[in-house]
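Features reported for this protein in TrEMBL:
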| type | residues | note |
| --- | --- | --- |
| TRANSMEM | 39-57 | transmembrane segment |
| TRANSMEM | 131-151 | transmembrane segment |
| TRANSMEM | 188-208 | transmembrane segment |
| TRANSMEM | 220-237 | transmembrane segment |
| TRANSMEM | 243-266 | transmembrane segment |
| TRANSMEM | 286-305 | transmembrane segment |
| DOMAIN | 311-383 | domain 'DUF1736' |
| TRANSMEM | 372-391 | transmembrane segment |
| TRANSMEM | 403-424 | transmembrane segment |
| TRANSMEM | 430-449 | transmembrane segment |
| TRANSMEM | 458-475 | transmembrane segment |
| TRANSMEM | 481-501 | transmembrane segment |
| REPEAT | 501-534 | repeat 'TPR' |
| REPEAT | 535-568 | repeat 'TPR' |
| REPEAT | 603-636 | repeat 'TPR' |
| REPEAT | 705-738 | repeat 'TPR' |
Amino acid sequence: QIFNQHNAEALNLEQAFHRMAQTEPNLDHDVSWFLLPSYWAKMVVALISFLCFANSYDGDFVFDDSEAIINNKDLRAETPLGDLWYHDFWGSKLSSNTSHKSYRPLTVLTFRINYLFAGGFYPVGFHVINIILHCIISVLMVDVFSILLGGLQFSNKGRRLNLAPKSSLLAALLFAVHPVHTECVAGIVGRADLLCALFFLLSFLGYCKAFRENKEGHTFSVFWVLVSVILGAIAMLCKEQGITILGLNAVFDALVINKINILELIQKLLHKDKSLENAGLLRKGLLFRITLLMSGGASILYIRWRIMGTGPPAFTEVDNPASFADSLFVRAINYNYYYSLNAWLLLCPWWLCFDWSMGCIPLIKSVSDWRIIALAALWFCLIGLICQALCSEDSHKRRILTLGLGFLIIPFLPASNLFFRVGFVIAERVIYLPSIGYCILFTYGFSLLSKQAKKKRILAVAVLGILLINVMRCALRSSQWSGWCISRFFSSALSLIKFLFSVHYNVGKNLADKGNQSAAIKYYREAVRLNPKYVHAMNNLGNILKERNELHEAEELLSLAVQIQPDFAAAWMNLGIVQNSLRRFEEAEQSYWTAIKHRKKYPDCYYNLGRLYADLNRHIDALNAWRNATVLKPEHSLAWNNMIILLDNTGNLAQAEAVGREALELIPNDHSLMFSLANVLGKSQKYKESEALFLKAIKANPNAASYHGNLAVLYHRWGNLDLAKKHYEVSLKLDPMAPGTKENYNLLRRKLEQLQKKGG
């Protein structure tokens, strides 16, 4: 009985505190929406966010996934974990001049864990983790929105109160089902944005924990402020946008904790008003906390800069054409147009596309372009909101609008081209965090309409309809990532914008990866037709034509590519390969060296240069080129093999053996190296060791006819004729046309017949 009475008293005290906290205007008072207990609200949000994207679980690796995951050596166990801290998101060294400088080691680490647990590149596990992350983030949004919309208040027991349960539920649902999030959730590389958002929100909630009130009044915990900074650093190690949470924490502190009127503060600063001393900045510790946040942010950015190395990332005009415009006016007007398109995607997420690169959005070059209207509309709305956020006499309104604009704009700044050039025109992934601000503004707008509307239920039904449409749009869009209709992923983009040449390029690349070269050629040609300066499409088309022995057209395309972009190292190398095939050796050599000039650490180019020198019987030069390839890339199996074979063919068996042993120490499981070294050892009459390597190579690749054939030759020389006969027969079974094997087998059979006659 005493226990129950104590609980009742505590509950009454909490309710009294709740009523006292609600003396300021409350958003929920005007919102006609569902009121659910916190636990059920989070369950509903989790379930709906799961339903939106669940059908992307069996998606494939598409678009950027192939480079960030399949071709990323940092996912493999043989790459030391420490290398992740010096490589970019794509597995290249950050110090390389070809690196995009996207430093996201924690995201790559999660990919690596996915790869190791799955035992290979099986996309289901990658997709499931993304879906789970979005569900967790959406649930956290209930708490975040309850603070942003209802304020930060604690009960006398230190428990945070949700003063806007209906509004926070609506805002969290709007976030959970927004179709613009599909690329983040259904696209595996969107993991970076999801992890960044997770730690971004945890940093914000951690910062809020620093302000629990106690009996002595307002206090704050330095520990939780530092935890918030650390979580912000972790968010940045997942994706660069994460660092912006430190700025948002400072804004929140000023507006919510210290209840500063920004316009009034600016006026006092301009007039050097002495009453600033009584503004509470020092008393509540705001300056100290902002100093901690700024110091933490500066330290994080400094460390990031030191790791990144010198210079910004090198992007091309294809990636971001506006940033290459000569005119400052053209750059500024197009950047602002891109902002308006991002805002439109938040308001009306119907035109969704996985690639918004050059050609999709033509540049605005004069004020007579009708698209200027979009810029005017954007700034009209922004200026109106900013004026209300600064000048409104309603402190509640000022706080919500400022926080909404802060969460809309500040996380978008790293993608704005204002501080540095970015490698895209529009990327739906980067709107994941700014959509928080959109949801705040939408919910506040809904509350204002509800306050004025006579039939509030009709308005609530309209919002419910928007949510249902968004759920269906998410489900439809995410299904385009599913394994059984991956072609719809690309065709959806083509149906959106027929002249988007980069989509034609990606369709072609997808088809080429699947071995459908004829169809790939068609799409690559269309990409080049739509953009005659699209050097990447020219390079890939030239490669396919080279493989199909259509060398003259391949040369024309690759020559044009390097003419348009003289520092395109890969195109120079491929041009050299074509010229080598056309037996124009001097031109090929010049092309290879030009490629190396533009990409000094280019092992594949050194390898191809070595092949050219070998064709010209310039053996020393060939060996030097292949040695350079192996120094730059120690696991370059082809370069090692060619060195062994060339030394073997020129009679340098001791040197060939030394190179072969060195190669196997670096790549111990490479069966082709075992085979080459086994041949050298056999010629050196080291039969036992040679036999062991042949058998090991055959165990790794039992269907290689040449392995069985050369082992048979070894046994033939060694005098183990029965074993020789067995492996000759296996070799001929695998490849009846194997050169020399049939002749050697016939010689062995005659020898065995002669021995039988002598024995008889």
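Backbone N, Cα and C atoms are what each Cβ position is placed from, and that goes for glycine too.
Note that the structure is predicted; figures quoted are calculated from it, not measured.
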Fill in: Any contact, the transmembrane segment (39-57) to the transmembrane segment (188-208), with at least 3 Cβ pairs under 8 A
no
Worksheet item: Should the transmembrane segment (372-391) and the transmembrane segment (286-305) be scored as in contact, given a threshold of at least 3 Cβ pairs under 8 Å and pairs 6 or more apart?
Response: no
Fill in: Candidate ranges 131-151, 220-237, 458-475 - greatest C-beta contact count to the transmembrane segment (403-424) (under 8 angstroms)
131-151
Worksheet item: Per DSSP, what is the residue tally for the domain 'DUF1736' (311-383) in helix, strand and coil?
Response: 36 helix, 1 strand, 36 coil
Worksheet item: Apart from its near flanks, which chain residues at least 6 from the ends of the transmembrane segment (286-305) lie with a Cβ under 8 angstroms of it?
Response: 103, 210, 220, 222, 225-226, 228-229, 232-233, 236, 243, 246-247, 249-250, 253-254, 257-258, 280
Worksheet, complete the sentence: Taking the transmembrane segment (188-208) as reference, the highest number of CB pairs under 8 angstroms among 131-151, 243-266, 458-475 goes to 131-151
